[in-house]
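For reference, the structure discussed in these notes is given below.
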């Protein structure tokens, strides 16, 4: 994956840590953003769906028509190339579905939910279920008590296998499992998520993740996935399991992998603090994320990779205004804005090695600020 893409903000020192309250307010940041950045156009938003869908169809057509007739050595190279390209484009569509959940697609909530439901269901994601848990994450980012996901553990609570596998081969194994199965395991078992009094997942309408008024839509999300699975069953009957796996299954798994890598890197970095209830507030939490540079993939992924800090502050800004809004608020954020342009594979390895558990900030009277550390 890419690194070293273009942008106006220079790389900040890796170990720079800012945990004091910012000298500005959300209102100050909002006033710095040009008003048109908050405008959502259903026509412009729909253009990106059509654009991505056409490219996805072209990739599908080429893979279905030509890869099977290639000689074996070339086919073994062509399939992984198709999987990467198709997964990249489908992740872009997933990002648009995610924007629908933030009401950033159009001025009409029903349009946003309809589009998001279709896109996410096709990509095997329970739209409403994830929308609601993701809303909780945005409301409580980096709160050790209330955040919904990516909640780090203290040194004493780190699983034994992390200690046993604290070497390069073991780290590779953990990374492989984390980045391939992390999102499905989170949806099914709430792994790395907020601890509830009973078992929680994204498919049970009675899960403690959801409020009473949300339960019907959680069921609707399940029905959407069942409809897609029925379509997969028909495709398997018509074309065979191997064809469906290669054309659809592996690219969707690739979407999950992209999601895991992107969100992990957005929320895992030595410069990102976590807070307990004595120190946390919404603005502090929203600023405790970091932008990443995925090179040429930034545009393919609709800039979700390097506008994440802005997104946590103003999640209803559509992606086609995100870079302009980011640059506008950076004049106010100053050192409170974080971006790391380390090449992505290198960053993944470094974070997996350095960010194992959290410890209280040293030299403070309050113990409410925590930082990543390693064994």
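Using the three backbone atoms N, Cα and C, a Cβ is placed for every residue, glycine included.
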### Message
Looking at 93-97, 98-102, 103-107, which stretch does Swiss-Prot describe as motif 'Histidine box-1'?
### Response
98-102
### Among ranges 151-171, 172-192, 193-213, 277-297, whichever one Swiss-Prot labels transmembrane segment
172-192
## Note on the structure
Checking 134-138, 139-143, 144-148, 214-218 against Swiss-Prot, the stretch recorded as motif 'Histidine box-2' is 134-138
### Task
Flag the pair the transmembrane segment (110-130) / the transmembrane segment (218-238) as in contact if three or more Cβ pairs fall under 8 Å (sequence separation 6 or more).
yes
## Note on the structure
Best-packed against the transmembrane segment (54-74), counting Cβ pairs under 8 Å over 172-192, 218-238, 242-262, is stretch 242-262
### Query
Residues sitting near the motif 'Histidine box-3' (308-312): Cβ under 8 Å, six or more positions beyond its termini, same chain?
138, 141, 266, 285-287, 289-292, 322, 325-326, 329, 333, 337-339
